[in-house]
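Asker: According to TrEMBL, the record shows the following:
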type	residues	note
REGION	1-22	region 'Disordered'
DOMAIN	15-436	domain 'Enolpyruvate transferase'
BINDING	LYS28, GLY101, ARG129, GLN176, ARG358, ARG403	phosphoenolpyruvate binding site
BINDING	LYS28, SER29, ARG33, SER174, GLN176, ASP327, LYS354	3-phosphoshikimate binding site
ACT_SITE	ASP327	active site, proton acceptor
Amino acid sequence: MSAHGTPIPMMSAASGPLSGVAEVPGDKSISHRALILGAMAVGETRITGLLEGEDVLDTAKAMRAFGAEVTRDEDGTWHVHGVGVGGFAEPDQVIDCGNSGTGVRLIMGAMATSPITVTFCGDASLSTRPMARVTDPLALFGARAVGRSGGRLPMTIVGAADPVPVRYSVPVPSAQVKSAVLLAGLNAPGQTVVIEKEATRDHTERMLAGFGAEVHTEETDAGRVITLTGQPELKPQGIAVPRDPSSAAFPVCAALIVPGSDVLVPGIGLNPTRAGLFTTLREMGADLTYENEREEGGEPVADLRARYSPEMTGIRVPPERAASMIDEYPILAVVASCAEGKTLMTGVRELRVKESDRIEAMAVGLRACGVTVEDGEDWWEVTGLGAGNVPGGATCVSHLDHRIAMSFLVLGLAAQQPVSVDDGAPIATSFPVFEPLMAALGARIVRVAVEN
Ligand SMILES: O=C(O)C1=C[C@@H](OP(=O)(O)O)[C@@H](O)[C@H](O)C1
Ligand SMILES: C=C(OP(=O)(O)O)C(=O)O
């Protein structure tokens, strides 16, 4: 089964130098938040650069079901007419969040302090992912959740009619959990406090402040303490979504491992809570430079230039960096396969509960491509073979996971034999223009016809 339809088998093969400019689409995390906060503001929010991937389109659909008016101009500008904090209507249909953990968890938070009852579902991947991490703190506000065993979707949330504010220490490093609690806190009276030991992406805090909410972050010995004052009137915004560093990772890493490549990826968001991969690649010896560093819409941005880097070496990636590159470990493992020596990644337990168990999915596929990978619950280690030495030649299983599919397709560009993936359909959840964008750089990535 694919994310939203028929599987699309794909294959990639050794390519000539990749060159050109790769304009990757808008940031997925920021796009979800722009739609949700736009729907909770009073008046019209205007969004440019919104990611039009399936995950975000499912969130747009959900916001309509809650009563917001969400429209798109022909030029790709989106408009959200919000209903105000506490103004969500009860949807008359099940909210299908497709493949998106961010979508379902943030929307659960946003509705949990309104007196409405909502049933959520998702695809086969999302239906395996843990939701108790969100419904536990939402229960403290007074919301009730009934789902499948193990706290899985489909799940119904009965929102709190008289919510109370909450003080919550997030037990796992998760921006989705933090954001769900903050969004729930919007419609609770008084102050909601979230404490996170490890800093995770802070787009919700930044955007809440942009919409006029009173939100403060304090760095303490216990971690980040975020305090939100409830029941604000959110003021609609103009939001320019920066390009997604998690999508930029694919053309950047492809350029580093394909001989002769020189690729420019302009306008990439380099919020420090997201940029860990690029720091790691530079430590490995990648020829990766930041050009034209600037600030756009309150986020640091630069043009990334990546050139073929045959001399990269394996490193130990520090566990405290994990949150800032959590979605980038699969593609880092591909680069690590083409570097000299071992790359050890620790503190990465969370990779096991993404769209797939990403350590397992990558380890199995890389081994089939001739790379040695060892792993434990919270770590994995890739033994690099050096530039040009990865055999490839396998069909890898994507497990409904866009990042697994894209990672193996990038590996095939630098491997000795082509690499196939059983299903590239999930790529459309986050990077709908991956195929034409990579083709324009010179990458040989094709769909494989299925015989009936
Ligand atoms: O808040 C977000 O937008 C996201 C948070 C991360 O998930 P967790 O919060 O589960 O770590 C990340 O993996 C996901 O792609 C997007
Ligand atoms: C983990 C991811 O997304 P989500 O949790 O929103 O499904 C991702 O995009 O890599």
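Positions of Cβ are set from backbone N, Cα and C atoms, glycine also.
Where the annotation comes from TrEMBL, it is an automatic prediction and has not been curated.
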Asker: Nearest to ARG403 (phosphoenolpyruvate binding site) by Cα, among SER29, SER174, ASP327, LYS354 (binding-site residues)?
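Answerer: Given the candidates SER29, SER174, ASP327, LYS354, the nearest one is ASP327.
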Asker: Could you tell me what the rest of the chain brings near the region 'Disordered' (1-22), counting residues at least six beyond its ends with Cβ under 8 Å?
Answerer: 54, 98-99, 123-125, 248, 251, 254-255, 258-266, 308, 400, 402, 405, 408-416, 418-426, 428-429, 437, 440-448, 450
Asker: How big is the Cα-to-Cα gap, in Å, between SER29 (3-phosphoshikimate binding site) and ARG358 (phosphoenolpyruvate binding site)?
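Answerer: Each residue's Cα considered, SER29 (3-phosphoshikimate binding site) and ARG358 (phosphoenolpyruvate binding site) end up 19 Å apart.
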Asker: Between the binding-site residues SER174, ASP327, LYS354, which lies closest to LYS28 (phosphoenolpyruvate binding site), Cα to Cα?
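Answerer: Result: the closest of the binding-site residues to LYS28 (phosphoenolpyruvate binding site) is ASP327.
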Asker: Please identify, among the binding-site residues ARG33, SER174, ASP327, LYS354, the one with the smallest Cα-Cα distance to ARG129 (phosphoenolpyruvate binding site).
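Answerer: Result: the closest of the binding-site residues to ARG129 (phosphoenolpyruvate binding site) is LYS354.
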Asker: Tell me which binding-site residues (SER29, SER174, ASP327, ARG358, ARG403) have a Cβ under 6 A from ligand 2; sequence order is fine.
Answerer: ASP327, ARG403
Asker: Enumerate in sequence order the binding-site residues ARG33, ARG129, ASP327, ARG358, ARG403 whose Cβ-atom distance to ligand 1 is under 6 angstroms.
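Answerer: Listed by sequence, the hits are ASP327.
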Asker: Across all the protein chains here, work out how many other Cβ atoms are within 10 Å of the Cβ of LYS28 (phosphoenolpyruvate binding site).
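Answerer: LYS28 (phosphoenolpyruvate binding site): 26 neighbouring Cβ atoms within 10 Å.
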Asker: Relative to the Cβ of GLY101 (phosphoenolpyruvate binding site), which residues of the same chain, six or more apart in sequence, are found under 8 Å away?
Answerer: LEU126, ARG129, GLN176, LYS354, GLU355
Asker: According to DSSP, folded down to helix, strand and coil, what is LYS28 (phosphoenolpyruvate binding site)?
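Answerer: Helix, per DSSP.
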Asker: How many Å lie between the Cα of ARG358 (phosphoenolpyruvate binding site) and the Cα of ASP327 (3-phosphoshikimate binding site)?
Answerer: 9
Asker: Quick check on the binding-site residues SER29, SER174, GLN176: which one has the highest count of other Cβ atoms within 10 Å of its Cβ?
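Answerer: The largest 10 Å Cβ neighbour count belongs to SER29.
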Asker: In sequence order, which same-chain residues at least six apart have a C-beta under 8 angstroms from ASP327 (3-phosphoshikimate binding site)?
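Answerer: Listed in sequence order, they are SER246, LYS354, ARG403.
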Asker: Across all the protein chains here, work out how many other Cβ atoms are within 10 Å of the Cβ of LYS354 (3-phosphoshikimate binding site).
Answerer: 21
Asker: Can you check what DSSP calls ARG129 (phosphoenolpyruvate binding site), collapsed to helix, strand or coil?
Answerer: coil
Asker: Could you give the number of helix, strand and coil residues in the region 'Disordered' (1-22) as assigned by DSSP?
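Answerer: DSSP classes over the region 'Disordered' (1-22) add up to 0 helix, 7 strand, 15 coil.
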